[in-house]
Every structure is written in structure tokens, then in C-alpha cells.
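Below is one structure, written out as C-alpha cells; comments come after it.
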Amino acid sequence: MSMENHTTDNKFLLLGFPEIKDSKTIALFHVILVVYIMTLIINCAIIVLVSIKPQLHSAMYFFLQQLSFIESVFLTVVVPNMLRVIWLEGATISIAGCIFQSYVYCAVGCSECHLLTVMAYDRYLAICHPLRYNDIMNTKLQHSLVIYCWVFGFLLTQITPIFLCQLSFCRSHVIDHFFCDPVNFVELSCTLKSALQLEILVLSIPVIVLPFVLVIISYIYVFITIFGISSAGGRKKTFSTCSSHLTVVIMYFGTLVTIYMVPANGDTLTINKLISFLYIVVTPLLNPLIYSLRNQEIRAILVNILSGFKAVVHL
């Protein structure tokens, strides 16, 4: 392996993880590659299962299917080039390519934030208004909400590439990160630096803060309804229908708030890089596992499939 130690005026050098050397770099590369492949396989399995199994043809599973698709896209935007950066112990990327990756990363991330909000709204309707749930959360509304998440995400974050294209980079073109996070441009830019910091903070309100507040409001009503159930068994059963989503929301928004709502400096950039690694690589693997392991219907389908596979093998 050798580091590309040169940059030009139209390229950035992504360092990746310069503190990790030799055999540890190779080990990290293979771990990330295995996690990436496993995550794609699990997400694809969920997408296929929801499509072909009639017992999973409900709004909750439709949104879960969309979440698996979004996270697969999200991973693919970052991880393949991240693996290249790690393998080469640093690799260049064009400024245009860096801005494009930053835009798609923000757009897909925004879409996922709003999809998690839609899933919270779905749980609110199912638990707080069960008699009206099927009438309200019909197929047309499900599709409309998913389209809204994608369109809103890509339209809202268009300001990011427009703004980044106005910047001048008069300092080093070296980025101490494994991908083109918008926060990186703050350190590289010699123009509009304060404006860029303000843009990131302002954009985080509709992307992160507003969806998170709506999720909190949904769950306040959900918890009020759950606590109003007389039997302990009924409370436990009702809570189990939203516990997986709540766990994913806490992990997802917790990392986002830490990265983009807390001002970064020289000391916190390394911490943010580690948190970004968890957010981009680890969380997309944990999310489908949490849903699969905590969902009785998905577990039952997987057990049946594995049992059938074993029966075929033993023939």
C-alpha cells in the first residue's frame, strides 16, 4: 500500500485513518468490507421478504422495506470509496466528486430522517387511533409519504452543492476524514467559512431537529396511550410494536446531533470521525438486525425459511 501524497488544485486528499498502520489497516479494510456486504445482504433480504410474503403487506413493513433500501443507498454512497481510501492509506478525489458525494450523502440522510419520522407517525396512528388506522394509513398515503421523503430530501439539500461550489480553497487540500462530509469544507475554505458553518447549522433544523421533534411528539402520545392500558400484558404487547423503531431513532438521531449540532474544533474533529464511522458503517447493520430480532413475524418467516433450507440440504 502507498499513500497518494500529492494533490492538485482540483483534487482533495482523503487521509482515512492515518493513525492506523500496516496490518491493522488491512484488518480494518476487511472488517468494513464484510460489514458492508452483510448489511446489503440483510437489507436486500428484508426488501424481498416484504415484497413476497403476504403477511408482511402492511404499512409498518412497507416503511421498513423503504428504510432498508435507503440505508443500502446511503452505505453505497460512502463505503466503496472509503474502502479505497483505507486500502491506499489515503486517496485523492476531485473537488467536483467530493461535492457530489457530500450532496448525495446529505440528501439520502435527510430522506432517512424524514422516513423515520413517517414511521413514528405510523406507530402513533396504529396505537392511538387503531380503529381509524387502516382508513388513514392506506396504500395511497404510504406511497405519498415515501415519495415526499425522497423528493424533500433531494430538494432541500440542493443548497449544499450550490453553496460549496462558491467556496475558495486556499489552504491545504488534505481532508482528515474517510469521505466528503460537509463539515470538512469548513476547515478547507478560506472564504465564507462562517457562512458555511451557519448554513450547516440552519440546514440541520429541517433535516435533523424538526423530524426529531415530530418523533418525540408522536411518542409522547404513544406513551400516554400505553400507560392508559389497564393490563401489564397489554402495555408490554403494545410497546413491543414500537420498541424497535424507538431504539433505531435514538441511535440515529443521537449520532447526527453529536456530529452536526455540536460545533467542531481541532479536538472534536477526530471524535466526529469516529462517530461518523459508527453512523455510516455500524448503524445500518444494527438497524435491520434490531427490527428482525425483535419482530415476531419476521423471525417466524426466517425460521421457516431456514427450516426449509435445512430440509432440502438433508435430502
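Cβ atoms are placed via backbone N, Cα and C, with glycine included.
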Original post:
Which residue range, 116-136, 242-262, is the one TrEMBL calls transmembrane segment?
Top reply: 242-262
**OP:** Could you give the residue numbers and ranges of same-chain residues that sit at least 6 residues beyond the transmembrane segment (59-79) on either side and whose C-beta is under 8 angstroms from one of its C-beta atoms?
**Re:** 32, 36, 39-40, 42-44, 46-47, 50-51, 101, 104-105, 108-109, 111-112, 115-116, 118-119, 122-123, 126, 137, 142, 146, 149, 178-179, 241, 280-281, 284, 287-288, 291
**OP:** State the residues, same chain only, that lie 6 or more residues beyond the ends of the transmembrane segment (242-262) and have a CB under 8 A from a CB inside it; answer 'none' if no residue qualifies.
**Re:** 109, 112-113, 116, 119-120, 123, 127, 181, 183, 200-201, 204, 208-209, 211-212, 215, 219, 222, 268, 272, 275-276, 278-279, 283, 286-287, 290-291, 294-295
